[in-house]
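Annotated in Swiss-Prot:
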type	residues	note
BINDING	Gly198, Ile218, Leu227	S-adenosyl-L-methionine binding site
Amino acid sequence: MKKPRQQSCLFGVKAFEEAINNQVHIKLVNISIRHKKLIPLIEAKKINFQIHSTNWFNNQYRDINHQELVAVLDTNQLLIPLDQLVKVVENKKCSTLVMLDEIQDPYNFGAILRTCLASEVDGIIFKKNNQVPINNTVMKTSMGSVFYQNLVQVANLSYTITKLKEIGFWTVVSTLDPIWKPIDYRKVDFAKKILIVGNEDRGVNQLITKNADCRIKIPMNNKINSLNVSVALGIILFAWKN
């Protein structure tokens with residue numbers, strides 16, 4: 001069965017050029033005459049395009065910094081199968097993967113993608129359901145980082161964890177719930193690990209948290225209850241990287 005198409009848009013020249021440079025298949029480019037210098041490139045790539053007025057862009061993409069260039073693409077092409085990710089990491093002595101358990105905010109998802117690229121994570125795993133998809137906001141917030149990473153969308157996180165544990169990965173869940181007695185994140189020394197972060201409100205699924213090899217927290221001033229998920233992820237990943 002074919003996957004249903006998930007379409008998204010790229011806005012602006014820089015995002016469009018990054019997509020072209022990464023051989024991303026673009027279905028359609030909506031463009032204004034101010035970008036006429038790009039038309040030979042678009043034609044050479046055999047991409048369908050339509051020329052529109054400034055008013056058209058402002059009406060269609062209100063409140064978005066469209067820059068009068070909007071490229072439409074199928075986001076499924078940005079994903080790789082789990083088996084392909086396994087081949088990438090199975091023979092590595094050290095590797096870090098990030099797993100997202102039902103992230104809902106597209107700005108968080110986009111920021112997470114940027115952080116993972118900057119910290120040289122080997123792959124990002126997220127759910128097909130109850131998870132914000134790679135939409136326009138995610139694409140824009142990721143600042144092009146979506147094109148340079150191993151992105152895996154799965155139906156079942158627990159099954160995925162089992163597959164990765166078979167090739168030497170350990171699971172590390174980020175949680176502030178004292179019932180799990182999380183340790184300082186700086187004490188983790190697994191060579192191959194999956195950092196699992198959860199939903200902005202509920203955190204990581206209880207069963208996944210219970211079965212984790214390690215549960216961690218970021219020690220904080222007691223006047224602060226929690227950190228944004230993308231901020232917390234960045235603190236942990238860069239500490240591990242360095």
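Backbone N, Cα and C define each Cβ position, glycine as well.
The S-adenosyl-L-methionine site is set by Gly198, Ile218, Leu227; from the centre of their CB atoms, other residues of the chain with a CB within 8 Å are Ser174, Thr175, Leu176, Val197, Lys217, Ser226, Asn228, Val229, Val231, Ala232, Leu233. The binding-site residues Ile218, Leu227 differ in how many other CB atoms lie within 10 Å of their CB, and the one with the most is Ile218. Its own atom aside, the Cβ of Gly198 (S-adenosyl-L-methionine binding site) has 21 Cβ atoms within 10 angstroms in the protein chains shown. Under the DSSP three-state reduction, Gly198 (S-adenosyl-L-methionine binding site) is assigned to strand. Annotation note: Leu227 (S-adenosyl-L-methionine binding site) sits in a coil segment as assigned by DSSP.
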